[in-house]
Amino acid sequence: MNQAYSNIALNKHLKGSQLSAADKGLVTELVYGTVARKLTLEWYLSHFIEDRDQLDSWLYVLLLMSAYQLRYLDKIPDHAVVNEAVELAKLRKKGSEKLVNAVLRRILREGWPDIASIKRKNKRDSIAYSLPVWLVAKLKEEYGEERAKAIFESLLVRNKASIRVTDLSRKEEIQALLEANNSLLATTGLVKEQGHFAGHNLFADGAITIQDESSQLVAPTLDLQGDERVLDACAAPGGKTAHIASYLTTGQVTALDLYDHKLDLIQENAQRLGVEDRVQTQKLDARKVHEFFDQDSFDKILVDAPCSGIGLLRRKPDIKYNKETADFASLQEIQLEILGSVCQILG
């Protein structure tokens with residue numbers, strides 16, 4: 001599993017696929033479920049695989065996903081999981097199917113190892129809830145044992161899929177088409193227990209866009225009048241940028257990021273939603289905006305500063321495997337530097 005966020009990589013692959021809606025739903029469940037329970041699944045597999053490092057990465061991921069299906073999904077018969085995994089392995093590398101078959105059938109024969117046998121408490125919770133030990137300890141320290149356990153459990157519950165409807169006059173129509181529910185937070189939002197919206201015609205046409213419910217509250221909060229100059233200082237992937245632009249008429253939103261591929265993503269998003277004429281992208285470190293822009297350059301500034309992302313674990317479960325405690329202190333410094341810079345160019 002590489003460092004690409006699973007939600008972005010998954011959307012990219014599913015968008016161009018010919019899979020049915022049901023199959024896309026299953027693929028989404030397999031990817032998110034396997035990533036969310038990665039540490040648990042790795043611990044289970046360690047009892048059935050002698051040397052993980054000797055396995056090709058794709059083969060190990062196949063075993064992880066198969067183990068997830070066997071352990072957590074009830075609708076797929078065990079024999080079907082094993083047979084499908086064997087066929088996939090055979091297609092990828094002839095001979096590898098023997099290992100896959102042996103490992104999965106051994107799991108079914110011997111059963112799942114008992115996580116309760118892990119003696120150290122934080123390590124046991126780390127494996128049970130698929131969280132790094134440092135995060136288990138941190139949450140217990142902050143919230144106490146009982147509340148921390150409730151948080152651990154909640155992080156394994158899949159986040160609802162949420163979208164923003166770009167034309168409110170079509171909201172009821174779109175809601176019916178998608179069989180979705182109204183958001184309780186955002187008037188522009190619709191939510192669904194599960195769904196792959198990026199491959200839908202409504203998404204391609206710009207009628208909907210994938211955006212968290214809380215994120216949809218930002219643009220209205222800015223109280224935009226239409227002619228403002230707005231800076232989105234940490235803009236990627238551009239959901240809030242495009243939402244801000246939709247409120248502008250003669251105004252413009254300048255979206256900053258450090259990386260070209262992220263700026264391309266912002267521009268692509270703006271074009272799909274029909275607001276590209278009101279969006280200007282700029283490759284710039286938000287900590288140095290005061291060196292690039294004059295004083296009073298912007299009427300309003302949005303700073304969605306880089307953060308640990310811990311609050312997004314249900315939507316981006318891979319975040320928890322890529323963070324360390326030291327990240328928090330360095331991020332705080334960056335946040336303060338950004339605020340110190342942008343306040344100098346606000347009109």
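Even glycines carry a Cβ here, placed using N, Cα and C.
Whatever TrEMBL says is automated annotation, not expert-curated.
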Which of D223, D257, D318 does TrEMBL put in the same S-adenosyl-L-methionine site as C234, A235, A236, P237, G238, G239, K240, D285, D304?
D257
Counting only residues 6+ away in sequence within the same chain, which have a CB under 8 Å from the CB of A236 (S-adenosyl-L-methionine binding site)?
A255, D257, Y259, K262, L263, L265, I266
Fewest other CB within 10 angstroms, which one of the binding-site residues G238, K240, D285?
D285
Please list, in sequence order, the residues in the chain of C234 (S-adenosyl-L-methionine binding site) that are at least six apart in sequence and whose C-beta is under 8 Å away from its C-beta.
L256, D257, A286, V303, D304, A305, P306, I338
